Amino acid sequence: MVSSSNLGFPRMGENRELKKLVENYWQGKVEETQFQKELKEIRINHWKLQKEAGIEIIPSNDFSLYDQVLDHIHLFGAIPKRYTPVVESEIEDGSNGLRTYFAMGRGYQTSKAATQVSETNTQGAFASKVEKSIDVGSMEMKKWFDTNYHYIVPEFEDSQQFKLTNYGGYSEPKPIHEFLEAKSIDIETRPVVLGPISFLLLGKSSDSSKPYSSKFDSLVHLNALLGVYEELFKQFEKIGVKSVQIDEPVLCFDLFETELIKNAYTTAFNVIHKAAPNINILIATYFGEIRENIDLITSLPVNGIHIDTIRSSSSEVESVLTKIPTSWTISIGIIDGRNVWKNDLTKSLVTLKNIIAKTGSDRILLAPSCSLLHCPHSLTREIGRVESQVLDWLAFSLEKLKEISFLTYALNKCTFTTENTITFPEDTCSKIKEYYQLNKESNQKRRESKLIHNDIVKKRVTEITPSMLKRENPFPVRREAQRKRLTTLPALFPTTTIGSFPQTKEVRLARSNFKSKKITPEAYDQFIRDEIRKCIKVQEECELDVLVHGEFERTDMVEYFGEYLAGFVFTQNGWVQSYGSRCVKPPIIYGDVNRPVPMTLEYTTFAQTLTTKPMKGMLTGPVTILQWSFVRDDQPRSETCFQIGLAIRDEVTDLENKGIACIQIDEPAIREGLPLRLSDWNQYLKWAIDSFLLSSTGVKDSTQIHSHMCYSDFNDIFESIQRMDTDVLTIENSKSDLKLLKAFEKYGYTNEIGPGLYDIHSPRIPSVEDMKDRVEQMLKYLSTNLLWINPDCGLKTREPETTRLALINMVKVAKQFREIYANKE
């Protein structure tokens, strides 16, 4: 018999209950006992929902207050030494470990430390009862493989020690606690643990002066780490755990150091098997193809494997299946865990019947392709709010679990003819038959819908020429023209921000009232204009050089543009976690994309009338819009990206024609779109960079094109970054210990650049001294003539006053360096 299973469930809740609860905890608005009570309610509700959807194998330990990798960092006692003052403060006041946990994720600054930095009393993270001056930044964040989710990067010392810890008020390690919690309501779960090899390979050296020279260097810590896995799995066996899912997504990478990797995996899984010989181990891979790594996997003492069939070709799946031992469980990721389209159940049944013909049914588990962390919670609240024809094509997490449940039922109970038609047993509930029939009709309607296709858009894509993918002149010529035009710009160390400014409760309320028609469009427009005025006043008081309008009209840098572009649809509650408590609501691209009307022209040109300084036009680039949306799956992603590129190009032209001299086209997502396999990179990078160039190159030399990139390791794609040919590139760098700058030095980057001077994801206020030190480090790698001074990302999630104080300090730094280098000249 085939069984139904799940790899992971969205954490936030149907109405983002977790986000609100955690943020209230940070602000001291909820007591510890109530906090733990409500967390438990969320977890139990999620387990019950999965059971009610018909899932037999339900995960535990997939829940997290911030990030699953951060959970493992704390669980394994791998807390960097700079957080020792936070740890000690918890010991002194009897806290539960969560202050340290959240400090690693978002930084920690006591009121006393904030006062010393800013001369104002500002509270950072939830306070210690023992008031000390503690000021520590957050750990680095990176994108989780090629998704828009961010994980906290583990840090390892030369002689890193690990120990299994309890935190968060638990009397046992988190995976143990959550298994027992589910068991208390009669739900037997399969705990999810990040595998030891993936955990180490996702990490970095804690010493920025001695970075790892190879991505495999962190494996030196394997033997020390395995002690905690051994202890954890012994505890699993002791409490009656029958099966554990060990996530090893790096097994979809090119693992060139074959013997090193083989020895590491063999050692690790031998230790785990010996510690818990009676537990069935399922190795979960996802986001790519296993390919040659199947030989390594099948040599390990485990009991099963999960295959992502959505990201694997049919020939790859067939090849892998032939090598799996006959005694193993095979988890088939048949439902797309990363997109929102309704599964074609007939097509999936054909695929699964072919697999079962080779493997038999008794060892088959059906599952999503990956954790449903990357998919919204449920379609329940979208009924009547999303265009009905498009809504009929969609499936969110709960709907996907029901698809898995149906496929499991059909494979176990139904018969199939040679024409792939399905015959239900006589006692089948009419609702099951109706469910299948409606699925067939939905998929047929989507294939035939006239909503999807626009012949004019398709024709424009075919007419793209090489001349549309390059600027008229090289950067030195353009730079001279831009400096002549931008007369207020200082010769050295110009300052700017990345775009968005803090969105207060008042801004969010006004937007909500506008969308619910509680205020008129005219009243909302006036409110936005007033916010823009205040934003420009703050920037001028801070003495910034290139200003922004603040983006108060925008909820999200992708959602806003999608609302103006044809081919997009938006949900009311389709939230997914991005990092920590931050959620995003990705638009859904269902058809051909074009720009019926200008998107940013009105507020950008209005803002420019309020200042004599340059006002940046703020746009999101085509690759980022693509990456941060749920994308149609009926044509190549490259085709959709070129369509978006043409739409952005039209907007850039309009801004230039209205006198906007600086236009920023953000592309923070270019690197995250890279396929997991190196052999697939060139094809992706070709169309991704071409799409950006298509959007950015149709301007005069005197128009300065900016772009922003964040959470990116540029070393291995530097030639592609150079090919973007932006006049000013701003990058997230504050969390990366300046390691990105070494790539710019190595490859001789000659355009202007603004590495992030401080981390906006942390509530702490950066000091002048901290930022001066960072600039001094930057100048070891970059020319004074090319360096811009700016934060590392947009300021939307920060508080207005801490933002103002941080920018004042940042401008002080720029002025000091202008004075230093003016004197040198």
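Every residue number used here counts from 1 along the chain in the order it is shown.
Every residue, even glycine, has its Cβ placed from backbone N, Cα and C.
Per Swiss-Prot, the features are:
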{"type": "ACT_SITE", "residues": "His761", "note": "active site, proton donor"}
{"type": "BINDING", "residues": "Lys19, Asn148, Asp556, Tyr579, Arg582, Cys583, Trp628", "note": "5-methyltetrahydropteroyltri-L-glutamate binding site"}
{"type": "BINDING", "residues": "Ile498, Gly499, Ser500, Glu551, Asp666", "note": "L-homocysteine binding site"}
{"type": "BINDING", "residues": "Ile498, Gly499, Ser500, Glu551, Asp666", "note": "L-methionine binding site"}
{"type": "BINDING", "residues": "His708, Cys710, Glu732, Cys793", "note": "Zn(2+) binding site"}
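Structural mapping of features recorded in Swiss-Prot.
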residue: Asn148; record: 5-methyltetrahydropteroyltri-L-glutamate binding site; DSSP (3 states): coil
residue: Ile498; record: L-homocysteine binding site; DSSP (3 states): coil
residue: Glu551; record: L-homocysteine binding site; DSSP (3 states): coil
residue: Asp556; record: 5-methyltetrahydropteroyltri-L-glutamate binding site; DSSP (3 states): coil
residue: Tyr579; record: 5-methyltetrahydropteroyltri-L-glutamate binding site; DSSP (3 states): strand
residue: Glu732; record: Zn(2+) binding site; DSSP (3 states): coil
Exercise. CA-CA, which of the binding-site residues Ile498, Gly499, Ser500 lies nearest Glu732 (Zn(2+) binding site)?
Worked result: Ile498
Seminar exercise, completed: The rounded CA-CA distance in Å from Trp628 (5-methyltetrahydropteroyltri-L-glutamate binding site) to Ser500 (L-homocysteine binding site) is 18
Exercise. What is the separation, in Å, between the Cα atoms of Lys19 (5-methyltetrahydropteroyltri-L-glutamate binding site) and the residue listed as 'active site, proton donor'?
Worked result: 16
Exercise. Hey, does DSSP put His708 (Zn(2+) binding site) in a helix, a strand, or just coil?
Worked result: strand
Problem set entry | From binding-site residues Asn148, Arg582, Cys583, the one whose Cα lies nearest Cys710 (Zn(2+) binding site) | Asn148
Exercise. Cβ distance under 8 Å to Asp556 (5-methyltetrahydropteroyltri-L-glutamate binding site), same chain, sequence separation 6 or more: which residues?
Worked result: Val584, Lys585
Problem set entry | Integer Å distance between the CA atoms belonging to Gly499 (L-homocysteine binding site) and Tyr579 (5-methyltetrahydropteroyltri-L-glutamate binding site) | 20
Exercise. Can you tell me how far the Cα of Cys793 (Zn(2+) binding site) sits from the Cα of Ser500 (L-homocysteine binding site), in Å?
Worked result: 9
Exercise. Nearest to Ile498 (L-homocysteine binding site) by Cα distance: which of the binding-site residues Asn148, Arg582, His708 is it?
Worked result: His708
Exercise. For Asn148 (5-methyltetrahydropteroyltri-L-glutamate binding site), which residues of its chain lie six or more apart in sequence with Cβ-Cβ distance below 8 Å?
Worked result: His374, Val576, Ser578, Val584, Pro586, Gln627, Trp628, Ala669, Glu672
Problem set entry | Candidate nearest Gly499 (L-homocysteine binding site) in space, where candidates are the recorded positions Arg582, His708, His761 and distance is Cα-Cα | His708
Exercise. Going by C-alpha distance, which of the recorded positions Ser500, Glu551, Asp666, His708, His761 is nearest to Cys583 (5-methyltetrahydropteroyltri-L-glutamate binding site)?
Worked result: His761
Exercise. How big is the gap, in Å, between the Cα of Arg582 (5-methyltetrahydropteroyltri-L-glutamate binding site) and that of His761 (active site, proton donor), rounded to a whole number?
Worked result: 10
Exercise. Given the binding-site residues Arg582, His708, which one's Cβ is surrounded by the fewest other Cβ atoms within 10 Å?
Worked result: Arg582
Seminar exercise, completed: Largest C-alpha distance in Å for the L-homocysteine site residues Ile498, Gly499, Ser500, Glu551, Asp666, as a whole number, is 13
Exercise. Using an 8 Å cut-off from the Cβ centroid of Ile498, Gly499, Ser500, Glu551, Asp666, can you name the remaining same-chain residues around the L-methionine site, in sequence order?
Worked result: Thr497, Val548, Met557, Met618, Gln664, His708, Gly794, Leu795, Lys796
Problem set entry | Secondary-structure category, per DSSP, in which Lys19 (5-methyltetrahydropteroyltri-L-glutamate binding site) falls | helix
